[in-house]
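**Student:** Not my notes, these are from TrEMBL:
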{"type": "BINDING", "residues": "11-18, 36-40, 58-61, 122-125", "note": "GTP binding site"}
{"type": "BINDING", "residues": "ASN22", "note": "Mg(2+) 1 binding site"}
{"type": "BINDING", "residues": "ALA23, THR25, GLY26", "note": "Mg(2+) 2 binding site"}
{"type": "DOMAIN", "residues": "4-171", "note": "domain 'FeoB-type G'"}
{"type": "TRANSMEM", "residues": "279-297", "note": "transmembrane segment"}
{"type": "TRANSMEM", "residues": "335-359", "note": "transmembrane segment"}
{"type": "TRANSMEM", "residues": "413-439", "note": "transmembrane segment"}
{"type": "TRANSMEM", "residues": "451-472", "note": "transmembrane segment"}
{"type": "TRANSMEM", "residues": "510-529", "note": "transmembrane segment"}
{"type": "TRANSMEM", "residues": "592-616", "note": "transmembrane segment"}
{"type": "TRANSMEM", "residues": "636-656", "note": "transmembrane segment"}
{"type": "TRANSMEM", "residues": "677-698", "note": "transmembrane segment"}
Amino acid sequence: MSKQINVALIGNPNTGKTSVFNALTGLNQKVGNYPGITVEKKEGICKLPRGVKAHIIDLPGTYSLNASSLDENVVIELLLNKNDKDFPDVAVVVSDVENLKRNLLLYTQIKDLEIPTILVINMADRMAYKGISLDLDYLEEHLKTKIALVSTRKKQGIDRLKNLIFNYKDLSIDHCVDLTEIDPTYFDNLKKAFPNQLLYKLWLVITQDVNFGKTDRNEIDAVANFKTKSKIDLKRLQQKETIKRYQFINNVLKKGQTIDIASAKDLRMKFDRILTHKIWGYAIFFIILLTIFQAIYDWSSVPMDFIDSAFAAMSEWTKTQLPQGAFTNLLSEGIIPGLGGIVIFIPQIAFLFLFISVLEESGYMSRVVFLMDRIMRRFGLSGKSIVPLISGTACAIPAIMATRNIESWKERLITILVTPFITCSARLPVYLIIISLVIPEGRFIGLGYQALTLMLLYLIGFGTAVISAYILNKVLKIKSKTFFVVEMPNYKLPLPKNVAITVLEKTKSFVFGAGKIILAISIVLWFLASYGPGENFNDAEKITKKEYANQHLSAEELHQKIESHKLEHSYIGLTGRAIEPLIRPLGYDWKIGIAIVSSFAAREVFVGTLATIYSVGSDQEETIKNRMAGEINPILGGPLFNFASGISLLLFYAFAMQCMSTLAIVKKETNSWKWPILQLTIMSSFAYMVALIAFQILK
Ligand code: GDP
Ligand code: MG
């Protein structure tokens, strides 16, 4: 077995942990979740001299070891559990040179756990600008450790950090603060009761309400609260401890750090004033959102078209080059289009995250949160939910992935759950064709009815999302600390490397996470659409040829008739027929039923499926429309697509959860099947109810 040093990167949010992590590991990293919870876990490998490797974990940002959120629990549980396979041989506490005092609190706590701890003082490039200078020797001596002064931006200090990690055995494990000084009797007694345990660790177990693995909490509790200490007393002791830590830090910094304010003061305040302004702030944000949205739409359409035709060509090629048979069909009609259905999302995901990470990196996102929080919070959402909600108009997949930036689990979950209500671009072809069929062309105060209907559908989607969020906020009983942005980070030019890694990682996590599910379901759907029971399916060609024997159809027309017959008798076709009694009260027939069932692959498939059933080429839009207009309702008579059934269908598509890719990404992001299944059932039953009511009233 090769030697591996376990390294944990710990620090306050925004100190540059992830940047240090990226600098150490480059692309040798993987992102997962901590078991059972949805806190992101990033780990990677850093190569050190002489073949030694360091296994590095980028822990969630935390202000102290006093846990108040899921993220912070992760940190404490790891640090207290020596048996955890990730238990660090050495902790690297990352601090930001501009906020040393606040950052060092966590440092002193970790140091007191007797874990060898290296202090990284990051953002060294800001020192001159802020007029800060440090006496590193003095700091190392009094903080009882080695310090790496780093600028990930200027790529400075990383080699020294690697060196310190390599030599971690030389680090001292002396404490910063002596607890017994705070309350000698109490702590001496505690020490006597558990002579083999680390005092500070005991103290953390007593004061924190987290899961500590093997440490027997009850036993400690029984001894620790003996006679003398009430809950309030303990809280007071904790406060004393914090004060003590700050005294220690202040003392060290008084000599170790000098700040010359004369050289500081910057543009930042001016920027802040505009960007969080009551009017300009919103206006600027709105313009930025529109640009992003437009970009996801426009810029991705080129690569998306390319991907689309590339996979179509690949499919065609396989079909013509490989011997005919079930396997070739599976490959050319099931697997290749299935893979295409995954790859097609990559441009949108990449562009969205390019923008998001630039916004985050630059420090602007914190201003957005500040700006939007007040409004969004009323609905149980976070200021950051606005980005997923808006991106949802392009596609729910990247939008749901974008919720990762929301720190509070509850707000994030709510955003994930309501985003699919937003009108995504896949609904557009369905809306457009139905609207053109059932909504008259007239005008109302200068606006076309058809355009108004489309706009209404967008508003309905957005409104439903917001209202559902409000309800979910009341219903969901999830304890989750709302994240307060204590201070706004400085504006910074985004580090291209950080941006690139984010984009790459999100894309990878989509392709390998949700991609598997999407591929599996598309193969199943393909199978259901291409196979059927009995001779009606198997002899489709014979039957159709016989039926149209004396009609002199062209080869093309005959082929379309055969395809239509096949689809009708395939498993999907049979499902469509089977659900007819269920959807008849909504004003639909079995053909629409088939189109709805196959829409589960992607909503826009609706039009193509109808085209196949009506045996017309799917590229002949006018013909499809004419065929649709000519359809007769088998029960009620009159046109099948009339105002009532049209509105019913529009509303059904607005609300129903008909997208397997979205379900796959929700599964991936929530780490459980519970939420996508709830989403599927609740949204679809709601859609059914609304469509039913609409049709019954309007018919
Ligand atoms: P984390 O929240 O601790 O993981 O911090 P990140 O690595 O995401 O960095 C937070 C912000 O600090 C980002 O905008 C980075 O671009 C920026 N940043 C990171 N390292 C440096 C640095 O050395 N100098 C400067 N000026 N900014 C940095
Ligand atoms: Mg980070």
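Cβ atoms are placed via backbone N, Cα and C, with glycine included.
Automatic prediction, not curation, is the source of TrEMBL annotations.
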**Student:** Below 8 angstroms Cβ to Cβ, which residues of this chain, lying six or more residues outside the transmembrane segment (636-656), approach it?
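**Tutor:** Apart from its flanks, the transmembrane segment (636-656) reaches 421, 423, 427, 430-431, 434-435, 437-439, 453, 457, 460-461, 464, 586-589, 592, 596, 599, 603, 606, 628-630, 683-684, 686-688, 690-692, 694-695, 698-699.
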**Student:** Please report, as numbers and ranges, the same-chain residues at least 6 past the borders of the transmembrane segment (510-529) whose CB is under 8 Å from any CB of it.
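**Tutor:** Sequence-distant neighbours of the transmembrane segment (510-529): 330, 333-335, 337-339, 341-343, 345-346, 349, 397, 401, 567, 570-573, 575, 598, 600-601, 660-661, 663-665, 667-668.
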**Student:** If you count Cβ atoms within 10 Å of the Cβ of GLY26 (Mg(2+) 2 binding site), leaving out that atom itself, what do you get?
**Tutor:** 14
**Student:** Below 8 Å between Cβ atoms, which of the listed ranges 279-297, 335-359, 592-616 makes the most pairs with the transmembrane segment (413-439)?
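**Tutor:** Of the candidates 279-297, 335-359, 592-616, 592-616 scores highest.
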**Student:** Can you work out the mean pLDDT of the predicted model over the domain 'FeoB-type G' (4-171)?
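**Tutor:** Over the domain 'FeoB-type G' (4-171), the predicted model scores a mean pLDDT of 89.
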**Student:** Near ligand 2, which of the binding-site residues ASN14, LYS17, GLY26, MET123 have CB less than 6 Å from any of its atoms?
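**Tutor:** Only LYS17 meet the Cβ criterion.
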**Student:** Given the recorded Mg(2+) 2 site (ALA23, THR25, GLY26), which additional residues of the same chain have their Cβ within 8 Å of the Cβ centre, ordered by sequence?
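**Tutor:** Here the nearby residues are PHE21, ASN22, LEU24, LEU27, ASN28, GLN29, GLY44, CYS46.
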**Student:** Other than its close neighbours in sequence, what residues sit by the transmembrane segment (335-359), given a CB gap under 8 Å and a spacing of at least six beyond its ends?
**Tutor:** 288, 292, 295-296, 299-300, 303-304, 307-308, 310-312, 314-315, 318, 365, 368, 387, 391, 394-395, 397-399, 401-402, 405, 494, 498-499, 502-503, 506-507, 510-511, 514-515, 518-519, 522-523, 526, 601-602, 661
**Student:** Which of these binding-site residues (ASN14, LYS17, ASN22, GLY26, MET123) have a C-beta closer than 6 Å to some atom of ligand 1?
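**Tutor:** Only ASN14, LYS17, MET123 qualify.
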